[in-house]
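*Asks:* I have a structure I would like to understand better, so I am pasting it below and will then ask my questions one at a time.
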Amino acid sequence: AKVHLVGLDNFTNKKYEDISPSQQKIDVPNIKRSEIQLNDNSDDGFVTLMNDKGETREDLRIPEGEL
């Protein structure tokens, strides 16, 4: 027996399809969607982010140059 797999790229919405034997092991990503709020952008390039639980991060720097 065969398995027909269909997936969508989370960033481009491009559709991918594959047909594999039903006994074959296939690696798949586990994706968790979360919303992050940008609270501050300091002069030194670091940002303050807050997740939906109210936890913050201040150790991430925005890359230099145009985004």
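Here the Cβ of each residue, glycine as well, is placed from N, Cα and C on the backbone.
TrEMBL does not curate its annotations; it predicts them automatically.
So TrEMBL lists these for the protein:
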DOMAIN    1-23  domain 'Translation initiation factor 5A-like N-terminal'
DOMAIN    30-67  domain 'Translation initiation factor 5A C-terminal'
*Asks:* Residues of the same chain, at least six outside the domain 'Translation initiation factor 5A-like N-terminal' (1-23), with any C-beta under 8 angstroms of its C-beta?
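*Replies:* Contacts of the domain 'Translation initiation factor 5A-like N-terminal' (1-23) (Cβ under 8 Å, skipping residues fewer than 6 from its ends): 31.
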*Asks:* On the DSSP side of things, how many residues of the domain 'Translation initiation factor 5A-like N-terminal' (1-23) fall into helix, strand and coil, could you say?
*Replies:* 0 helix, 14 strand, 9 coil
*Asks:* Based on DSSP, tally up the residues of the domain 'Translation initiation factor 5A C-terminal' (30-67) by helix, strand and coil.
*Replies:* 0 helix, 16 strand, 22 coil
